[in-house]
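Below you'll find the structure, written out as structure tokens, and then a few comments.
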Amino acid sequence: MPPKKQAQAGGSKKAEQKKKEKIIEDKTFGLKNKKGAKQQKFIKAVTHQVKFGQQNPRQVAQSEAEKKLKKDDKKKELQELNELFKPVVAAQKISKGADPKSVVCAFFKQGQCTKGDKCKFSHDLTLERKCEKRSVYIDARDEELEKDTMDNWDEKKLEEVVNKKHGEAEKKKPKTQIVCRHFLEAIENNKYGWFWVCPGGGDNCMYRHALPPGFVLKKDKKKEEKEDEISLEDLIERERSALGPNVTKITLESFLAWKKRKRQEKIDKLEQDMERRKADFKAGKALVISGREVFEFRPELVNDDDEEADDTRYIQGTGGDEVDDSVGVNDIDLSLYVPRDVEETGITVASLERFSTYASDKDENKLSEASGGLAENGERSDLDEDSGGGGQENGSIDAVPVDENLFTGEDLDELEEELNTLDLEE
């Protein structure tokens with residue numbers, strides 16, 4: 001007799017599965033109904049450990065994915081076999097009194113019906129979808145309303161929805177012209193729809209749920225403002241044309257006089273601020289002052305600090321290993337900082353006619369202006385001026401007339417003295 005087969009050590013698969021479930025139930029006793037994250041995490045870890053042992057979670061997920069792929073491959077293989085060999089289709093049976101034309105032919109589905117128009121069953125494959133039973137628990141209109149969102153609406157559609165949704169409720173409310181802010185926020189944020197409910201009380205909200213005539217949404221206002229913005233070039237041209245012809249030409253003398261005046265104004269302002277802060281400090285009003293201001297307001301503190309300071313002196317020693325790096329020092333040449341007049345040869349100046357004829361926005365005109373050529377607004381190039389002879393003499397350019405008596409001899413002397421005594425620290 002052949003030897004008996006040895007019994008499996010672990011028993012059948014069902015027995016092993018029952019053992020694992022029993023172990024999981026014992027270890028997680030009283031924790032299944034707990035909703036805490038820690039308890040659920042512990043239950044998941046215990047289940048994974050009992051079922052798969054010490055396997056890596058990635059390996060487990062990979063094995064499950066492989067099983068799923070095998071099932072899909074089997075289904076595809078079965079479908080291919082059915083298409084190739086076309087298994088025998090059982091004869092159709094219908095209940096008494098039923099119309100055969102309301103049932104799709106099973107042989108026609110498999111492509112095996114040879115009766116054609118004589119077949120008593122229907123050959124319309126869309127018949128099943130048309131005759132599908134409607135569930136008494138589902139309203140098809142709800143699905144249509146869910147798909148009909150505010151993103152696809154225009155103004156007319158929005159008014160129609162508002163009237164249908166809030167029309168009857170608006171009639172029962174007390175008369176008020178104030179629009180509900182929740183309603184406006186929902187429309188502005190594209191949250192309004194068929195299922196929107198007012199947080200201020202639903203249909204019992206006392207404010208209006210309708211847009212007043214002519215109301216413009218904020219998002220539409222932003223679009224209009226962006227369209228009304230002008231370019232930087234147009235803004236510069238408008239501001240330049242608004243100056244007019246009666247302006248002072250900027251020369252070296254006028255610029256230096258303006259600079260001197262501004263510097264003096266700055267010094268006067270600083271002195272006034274210092275006097276005011278000093279008065280506040282003496283009166284005890286200044287709460288926040290710097291250490292420098294304290295010694296400026298009370299110079300006697302400097303001597304007190306010197307008397308109380310330590311008499312220890314520190315001498316900086318030089319080690320023998322240190323190398324004396326001789327660095328060349330150059331004196332400052334003040335002549336390099338003397339302002340000089342800019343050479344005006346080759347500089348194009350716009351004529352006074354530009355204020356009467358506004359420059360066109362054509363690209364060709366802008367290109368000619370940038371290159372210094374002929375333009376419609378009255379600008380002239382150096383070649384035209386040289387050929388005409390009337391616009392430029394000896395490198396000087398005709399522009400706005402300058403008052404020669406603007407600076408007297410005394411002003412020029414003061415200016416020269418200031419340049420000679422120029423302090424570089426300023």
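Keep in mind that glycine also has a Cβ here, set from the backbone N, Cα and C atoms.
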Per Swiss-Prot, the candidate from SER95, SER135, SER231, SER335 carrying the annotation phosphoserine: SER231
Of 61-86, 139-164, 295-320, the range Swiss-Prot labels coiled coil: 61-86
Listed range which Swiss-Prot flags as zinc finger, given the options 99-126, 239-266: 99-126
Overall pLDDT for the coiled coil (61-86), taken as the rounded mean: 85
